[in-house]
Amino acid sequence: MLTILKTGQSAHKVPPEKVQATYGRYRIQALLSVFLGYLAYYIVRNNFTLSTPYLKEQLDLSATQIGLLSSCMLIAYGISKGVMSSLADKASPKVFMACGLVLCAIVNVGLGFSSAFWIFAALVVFNGLFQGMGVGPSFITIANWFPRRERGRVGAFWNISHNVGGGIVAPIVGAAFAILGSEHWQSASYIVPACVAVIFALIVLVLGKGSPRKEGLPSLEQMMPEEKVVLKTKNTAKAPENMSAWQIFCTYVLRNKNAWYISLVDVFVYMVRFGMISWLPIYLLTVKHFSKEQMSVAFLFFEWAAIPSTLLAGWLSDKLFKGRRMPLAMICMALIFVCLIGYWKSESLLMVTIFAAIVGCLIYVPQFLASVQTMEIVPSFAVGSAVGLRGFMSYIFGASLGTSLFGVMVDKLGWYGGFYLLMGGIVCCILFCYLSHRGALELERQRQNALHNQDSLQLADAQ
């Protein structure tokens, strides 16, 4: 890995009397840095969607070519989440995230000066690859600075960064068009968002923090022994800091059944989510005979209902469920099953919109809770690798099932075939939520036993 991305040497130790105050200040800065950084990734990702009408008009690209460009980015992003998140385990989170933003900005500048389809395709693939550098550092930072009892709320706050980022792309690009004019559509669509992303990258470098130990503070496990993840693994003679990213992935993720359970939870969540997002507009227009305006309202409710529900879910999983994430995820998926039937069978505009909003409100909750659980089933130094497996599985398999396989089912069996596919996915998701919950309870028991044994040894030494 490039030297500039590595974690670097530990800072001078913070005096004991200043540890609590410094810790509190640094963790807020760390959270803000990954919130703003991940938000910025969406500015240089979703701007491509806003540029597609001009790709068709100005560059004479066909709908098939534009669809191929979108697919290239999706596939590249899915692969990148797997690889880049694993590499992030061995890097400085703030430098890794900022570097990815700058690389995305450079690619967008290239898009601003390109006109050939194949150059566009290559740059879009590179953008997808560099986009994967954002999520790993985010989860690593949260795992390093926040205990399990707070991760539901903290993770929920971070999770809405993509809603905020996706929401401010249009105003940024719109303002650029107003100032530059439509004749400079490439500058407005790509170069201006790239400049904004570079500014955010600088903010990440200034605000961001490494692990507590790298900032001269005790680690989270030292300050709160109950945070230590106890795993039964083989061939772990090497210290984690002396292991490569691949060795960490193989030892702590690939052989970890809980990492696979939570990844499969995400696969089926993404299947339902992408099945709804990709096919909701055409289903409402062709089957329910909605107008375009009515369809847009239903789609708007589906997307924006996620923000309050995510924040509430974070609070509930911390407070009501005491840090156990999967029971709430199972409840949400069961409710989605019922609402999906209502959405499918209802004829009323109001009822279809309500059911679509409820599904949108709930579908992001299991996805978010799976991301929080990922931080709790592996040691902090392997979080990026676990996030990488989950990201790869969800995009390459989950999104494909919800888009391509749904389309095949509709062509072969009609719309009811597509809905049966989604309902089957919900049942599978609930099954893996249950298995993941059992695994989390097992880890919790191991943690408590380890703490009990440690207390017994300390008591024996004292005597």
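Heads up, the Cβ atoms here are built off N, Cα and C, so glycines get one too.
As given in Swiss-Prot:
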- 1-29: topological domain 'Cytoplasmic' (TOPO_DOM)
- 30-50: transmembrane segment (TRANSMEM)
- 59-79: transmembrane segment (TRANSMEM)
- 106-126: transmembrane segment (TRANSMEM)
- 127-147: transmembrane segment (TRANSMEM)
- 160-180: transmembrane segment (TRANSMEM)
- 188-208: transmembrane segment (TRANSMEM)
- 267-287: transmembrane segment (TRANSMEM)
- 297-317: transmembrane segment (TRANSMEM)
- 326-346: transmembrane segment (TRANSMEM)
- 349-369: transmembrane segment (TRANSMEM)
- 391-411: transmembrane segment (TRANSMEM)
- 413-433: transmembrane segment (TRANSMEM)
Point to revise | Touch test for the transmembrane segment (391-411) and the transmembrane segment (267-287), at least 3 Cβ pairs under 8 Å | key: yes
**Study point:** Paired segments the transmembrane segment (106-126) and the transmembrane segment (30-50) in contact, 3+ CB pairs under 8 A
**Key:** yes
Check your understanding: Considering pairs 6 or more residues apart, do the transmembrane segment (30-50) and the transmembrane segment (413-433) have at least three CB pairs under 8 Å?
Key -> no
Check your understanding: So, does the transmembrane segment (267-287) come close enough to the transmembrane segment (413-433) to give 3+ Cβ pairs below 8 Å, pairs being at least 6 apart in sequence?
Key -> yes
